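Chemist: Checked Swiss-Prot, it gives:
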- 31-88: domain 'FHA' (DOMAIN)
- Ser78: phosphoserine (MOD_RES)
- 190-227: region 'Disordered' (REGION)
- 293-342: zinc finger (ZN_FING)
- Cys296, Cys298, His318, Cys321: Zn(2+) 1 binding site (BINDING)
- Cys310, Cys313, Cys336, Cys339: Zn(2+) 2 binding site (BINDING)
Amino acid sequence: MLPCFQLLRIGGGRGGDLYTFHPPAGAGCTYRLGHRADLCDVALRPQQEPGLISGIHAELHAEPRGDDWRVSLEDHSSQGTLVNNVRLPRGHRLELSDGDLLTFGPEGPPGTSPSEFYFMFQQVRVKPQDFAAITIPRSRGEARVGAGFRPMLPSQGAPQRPLSTFSPAPKATLILNSIGSLSKLRPQPLTFSPSWGGPKSLPVPAPPGEMGTTPSAPPQRNRRKSVHRVLAELDDESEPPENPPPVLMEPRKKLRVDKAPLTPTGNRRGRPRKYPVSAPMAPPAVGGGEPCAAPCCCLPQEETVAWVQCDGCDVWFHVACVGCSIQAAREADFRCPGCRAGIQT
């Protein structure tokens, strides 16, 4: 892995949008930037205002610091160089930090187009074959052919990128992300996130009616308790349905809640059916407010009337008439006084 630093061009024209610098080992060096391609390592050729970029506009000074590089920027232009939108005094060196924004050229007034040469500075570690070319610094005053960008020779068998064309801006951003550089670029529109996926479909919850048993299925032997809801009297109520549908019934509960309207006569319904109509034990006849099987039925007048069935004789009783609670009926078997007397004898 090579300790390098990079200049990523943001916006501007086409081509030359990513420059990677690797100074020679063990010695410092200087890179020049300007419109004189014969004197500079990075040629800045403006398309709009040629006079805004000097022949040698600025210099990058790289000095070894441990296993990394200390990079400073020095301005030599007549139009100015900005670091993080602050103009650098001419001839003054400023040490750069990872993520600094460099602008070569004057800062235009509000409402005008920005400079063509707007770069982001970053320090990275790359493999030699990851980039097609790395800048080799020129000697001061040297204008020989071969300086500037030179191709890096990859390892044996490794593919080499062509030098005829440069990567477009989106591809340059992808390269930066692939080597773990500058997370500040990730929210930008040019950043591509391969881990993105389409919207995941959420599971559709089952309707509450599917959680309990259906009214058509006969209840099992051990489910003998129920709660029967009697609604307020309504004169315009229609005929009651054959099978009152349960609102909610959990698989192991002995009590359930049934909704049943009143009959046209205005009287309350009797106790609920234990089995469907086809079963041999039919519910008591509706009408007359039939009491439960308790010797002394108190005829509860509440809106919700709780019924409990004897586990011995299958006879229905009002919970209030037998003196037990709904919770006790759920948790334990219930036997009427007659069945309890038979067991004792």
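Yeah, the Cβs are placed from backbone N, Cα and C, and that goes for glycine too.
Describe the structural context of each listed feature in the structure shown, including burial, neighbouring residues and relevant distances.
Modeler: Ser78 (phosphoserine) counts 13 other C-beta atoms within 10 Å of its own C-beta, drawing on all protein chains shown. According to DSSP, Ser78 (phosphoserine) is assigned to coil rather than to any helix or strand.
With a cut-off of 8 Å between CB atoms and residues at least 6 apart in sequence, the same chain places Cys292, Ala294, Cys296, Cys297, Cys298, Pro300 near Cys321 (Zn(2+) 1 binding site), listed in sequence order.
Around Cys339 (Zn(2+) 2 binding site), the same-chain residues at least 6 positions away in sequence with a Cβ under 8 Å from its Cβ are Cys310, Asp311, Gly312, Cys313.
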Chemist: What kind of secondary structure is His318 (Zn(2+) 1 binding site) part of, going by DSSP in three states?
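Modeler: SS state of His318 (Zn(2+) 1 binding site) = strand.
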Chemist: Could you tell me how many residues in the domain 'FHA' (31-88) are helical, how many are strand and how many are coil under DSSP?
Modeler: 3 helix, 27 strand, 28 coil
Chemist: When you measure from the Cβ of Cys296 (Zn(2+) 1 binding site), how many other Cβ atoms are you left with inside 10 Å?
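Modeler: The answer is 7.
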Chemist: Averaged over the zinc finger (293-342), what pLDDT does the predicted model reach?
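Modeler: On average, pLDDT over the zinc finger (293-342) sits at 79.
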Chemist: How big is the gap, in Å, between the Cα of Ser78 (phosphoserine) and that of His318 (Zn(2+) 1 binding site), rounded to a whole number?
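Modeler: Cα of Ser78 (phosphoserine) to Cα of His318 (Zn(2+) 1 binding site) measures 102 Å after rounding.
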Chemist: Return the residues near Cys336 (Zn(2+) 2 binding site) by Cβ distance under 8 Å, restricted to its own chain and a separation of at least 6 in sequence.
Modeler: Ala293, Cys310, Gly312, Cys313, Val315, Phe317, Val322
